[in-house]
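This report concerns only the one structure given below.
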Amino acid sequence: MLIVADENIPLLDAFFQGFGEIRRVPGRSLDRATVEQADVLLVRSVTNVNRALLEGSKVRFVGTCTIGTDHLDLDYFKQAGIQWSSAPGCNARGVVDYVLGSLQTLAEIEGADLNQRTYGVVGAGEVGGRLVKVLKGLGWNVLVCDPPRQIAEDGDYVSLAQIIEQCDVISLHTPLTKSGNGSTWHLFDRQRLEQLKPGTWLINASRGPVVDNAALREVLLAREDLQAVLDVWEGEPEVDVDLADLCVLATPHIAGYSLEGRQRGTAQIYQAFCAHLGQAPSILLSDLLPPPWLAEVHLNASTDPAWALATLCRSVYDPRRDDADFRRSLVGTVEEQRKAFDLLRKHYPARREIEGLKVRINGESTALASIVSALGAQAI
């Protein structure tokens, strides 16, 4: 069996070496010749997998180590009898940690009280749903917009217009869809961007084209009161450098790049592949993860809750280093910048998720206990 896989997928050998030959290739340069003799294709979101790539090949299983499937032609898969799997929720916690770290940076820059702001979460799936749970657990005022879920299930949802009108912070977590009533392509176009409340913080860690990047650049130039945090970009790995310069935080599509998130994605497609073969999985991710580097955090009961929240969030993720690294890469020719974008992702330093953090409170503090619980850290 020949397995062709994106070279940046972690733990390939640990999970897949028992099935056959593994051939690692750069994800952006996958072509028909590369996959023609493959039985299995394992990719990330940088590879578009469609008829043009697969027709005439031996591929019968496609796995993507990502939440989203907008890079997969699922209609063609069905027509061709190709089984497939994504990794829903694999990096959701990492993205939540990214948003929490970004909020701490924004609050520090603006001297804002995070408790006094109204938060809007657009998209309440694996990522957005977890973020909503954390924000509400912290006692913050949260509005949620997700029209497809509002139709399909009961829930306390609001319209996008209400999000724009009422929220001081808007965090985007929608999939990318380009057609139909639920299209999210340029969901935040010039008109909606111009309608943002004064002082709004806009965070996009979903897909780049959910926000019209050219329009956002012009709106940010015209309105210094707005703050933008972008982890995803239209046309990436090519980035609008002028837009990045206007963002308070800019990063190269790494929001979900926690160690657990990346390895969990591989584990999920391994499990799906085992099911495809009709055999039980024999390898567990828990046996492969190293212990957290930060063993424990001790907080005295008298600790200021706001300081404790900031410290716990930043103990697992502080976006300022990624922002600085990314800005240093935005020099030279466009081709050099494209290569640097991919290199930053390929060689991204490992970071851990907050759910692996153990926190001990010395004494009794309901406020601190609530924060630890809301964040999903382990109280000991």
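The chain as shown is numbered from 1 upward.
Cβ coordinates come from backbone N, Cα and C, glycine included.
Per Swiss-Prot, NAD(+) is bound by THR174, ALA205, SER206, ARG207, ASP231, GLY256; the candidate from ASP146, ASP287, ASP304 named for the same site is ASP146. If you measure from the Cα atom of HIS253 (active site, proton donor) to that of ASP231 (NAD(+) binding site), you get 5 Å. GLU236 (active site) sits 13 Å from ALA205 (NAD(+) binding site), taking the CA atoms of both as reference points.
Here the Cβ of GLU236 (active site) has 21 other Cβ atoms within 10 Å, regardless of which shown protein chain they belong to. Separating the Cα atoms of TYR257 (substrate binding site) and ASP231 (NAD(+) binding site) is a whole-number distance of 11 Å.
Under 8 Å, Cβ to Cβ, and six or more positions away along its own chain, ALA205 (NAD(+) binding site) finds VAL95, TYR98, VAL99, VAL127, SER171, LEU172, HIS173, VAL229, ASP231, VAL232, ALA255, GLY256. Counting every protein chain shown, the Cβ of ARG207 (NAD(+) binding site) has 24 other Cβ atoms within 10 Å. Take the CB of ASP146 (NAD(+) binding site) and look out to 10 A: across all protein chains shown you find 24 other CB atoms.
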